[in-house]
Each structure stands twice: as C-alpha cells, then as structure tokens.
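J.: Structure below; questions to follow.
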Amino acid sequence: YWRQVYLITVLAMILAVFFAQIHPHYLTQQWHRLRSIILCSVSAYGVIPTIHWIWLNGGIGVPIVQAFAPRVVVMYLIAAVAFLFYISKVPERYFPGQLNYIGSSHQVWHILVVLMLYWWHQSTVYIMQYRHSQPCPEHVANT
C-alpha cells in the first residue's frame, strides 16, 4: 500500500514540476524563489519515506538502519552543499568575470550533484549486498 502512495505522490510532484517548467514565467526573476522552493520540496520529500522505512524496520537501533540511514544523511548533506552553491553564486560573486568558463557555482553544483548520485549508487549497491548476505527478518518479511 505505502509503496503505491509514495509512487503516486512522486508522480504528482513530477507532473507539477513539468507544468511549472513549461510556464512562460518559470525562468523569470519573479519565479526564482518559487524555483528554489520547488527544488527543495522535491528533494526534501525523500525524508518522509526514509523515516517511514526506519520505523518499519524497528527504529534506529536495528543494524540495517544503522548501516543505511547515515548514507541517506550524507546524500542529503551533499545535496545541501550543492544547493548552497546554487543559491549563493559563490565563488563568482567574489570574482566577477574571472570564472566565466571554469569554476562557476553552476559547475560546482553539477559536480556535487554527480557526486551525490554516485554516492547514492554506491549506497544502493551496499544495501543490496547487505540484503543478500542478511535476508529480511521474519517480522519484516511478513508485513
């Protein structure tokens, strides 16, 4: 049941982002704050299923949660740093005209997003290896 709820919610968010992006005012300065709110909302939504997953697995004291939840936290920390570069326009704010080709905040943002996705991929491989070596406990397998 919950998987369907989360998937439908994500689908609705994807559609909302799509329709916002095709709006004629999307790239205007007036929508800058709304673009940031949309980006943060879509990103932050992943916290809800993560907390639900922690609860379903028995809380923070369970080995799989202790192994995997910190990886989710690191992923969100990388995303937060990337977002800070995105909104602050550092370093080009302090070196105007000198970082037009290499070293702009947009490039740093892209590098951090790729790093975050690589981290998430490695975390997924880790959780799969964990599950292959330690199958689901009986109380989780029957829910």
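One-based numbering along the chain as shown.
Glycine is no exception: its Cβ is also placed from the backbone N, Cα and C atoms.
The feature Zn(2+) binding site is assigned by TrEMBL to His106, His110. Summarising the annotation, TrEMBL assigns transmembrane segment to 6-24, 36-56, 68-87, 99-120.
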J.: Return the stretch with the most CB pairs under 8 A relative to the transmembrane segment (68-87), choosing among 6-24, 36-56, 99-120.
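T.: Answer is 99-120, with the largest number of Cβ pairs below 8 Å.
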J.: Take the Cβ of His106 (Zn(2+) binding site) and count every other Cβ within 10 Å, whichever protein chain it belongs to.
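T.: The answer is 12 other Cβ atoms.
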J.: Could you list the residues of the same chain, at least six apart in sequence, whose Cβ is under 8 A from the Cβ of His110 (Zn(2+) binding site)?
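T.: Within the chain, His110 (Zn(2+) binding site) has no Cβ neighbours under 8 Å at 6 or more residues' separation.
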J.: Give the three-state DSSP assignment (helix, strand or coil) for His106 (Zn(2+) binding site).
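T.: DSSP call for His106 (Zn(2+) binding site): helix.
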